[in-house]
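Worksheet for the structure shown next.
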Amino acid sequence: MPTETFNYGEDHALQTVTVTTLSETLDKKFWIILIHGGAWRDPNIDAINFSKPVISKLTTSPEYAEILPYITAFASISYRLSPHPEHPQDQSSTNPRDYRGSKHPDHINDVQAAIAFLQRKYGFEERYILVGHSCGAMLAFQSVMGRFKAGISHGPVAVAGLAGIYDLKKFRDTHKEIPAYQEIVEGAFGGDEAAWDAVSPAVVKGADGIEGGWTHGSFAILAHSSDDSLVDDTQDEAMDAALIGGWWKLQSEDKLRCVIRMPLEGEHDECWEKGDGLAEVIGYAIEKQLEITYEEESEEPEEPEESESPV
């Protein structure tokens, strides 16, 4: 399994994407694009340590042997980070390419630039599944919002969010007694709470939201563990309601859509640190997409009725 890391941007050392290739064939195979979490600011979580456990799990476990042939490659995105109080940097003595001082929209701009780079380089068009954890789940769903999708030529067939943050104000309000939640959101998005709503995928509706931006998607997965002490289930509930109330309602007879809730086990980061939860979600996503593809290919157009000859 060859692994390469590419720069998709020139401004910062974190503007990289790491690609692990399983197959050179694109036909009927999918890319899995991974977006790590870390509250937009944790320098200890990056594209490589986020993706290694799940790639190992999917490529070595017999339970995933049947879906593995349908994966072309994994791509794991690193992006510019916001400042972290426990990992301070001196801006005056730090190389600008290494300084972590980003705010929105830097994070989502980087994710979109990485996806656009991959699409140009490999030409997989819509044959990819976006998978994000925590703030990475928010970045995944932001990527298909009408407000942010301009940089991507083809949207994904599916988006999966694990332990995701989808409503910034609700994220803060649910944990009002813990100052760190306010600090996390302000550090990444500033202090204007109206701006928080304007970027939250569970809040934005219409043309700027997911319903306006993700016109060709098939399904969304929302996965969460009841043992998660950092991000609670109200985030998934808000995202589920937003998807069902908007994007799902716009499905058509020839393009059905669905929203799937999946249970995870363990604490907030266990799903990716051990690889099990992330692998389970990806495995299910591939199976679901194969089912959809089979149904679409099985539908043959009806034969036109023979017209009667005039008497």
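Cβ atoms here come from the backbone N, Cα and C positions, even for glycine.
All TrEMBL annotations are machine predictions without curation.
As annotated in TrEMBL, motif 'HGGXW' covers the listed stretch 36-40 rather than the other ranges in 36-40, 76-80, 141-145.
It is 11 Å from the Cα atom of Asp228 (active site) to that of Ser134 (active site, nucleophile). The average pLDDT computed over the motif 'HGGXW' (36-40) stands at 98.
His268 (active site) sits 8 Å from Ser134 (active site, nucleophile), taking the C-alpha atoms as the reference points. DSSP assignment over the region 'Disordered' (83-104) gives 0 helix, 0 strand, 22 coil. Counted within 10 Å of its Cβ, the other Cβ atoms near His268 (active site) come to 20, all protein chains included.
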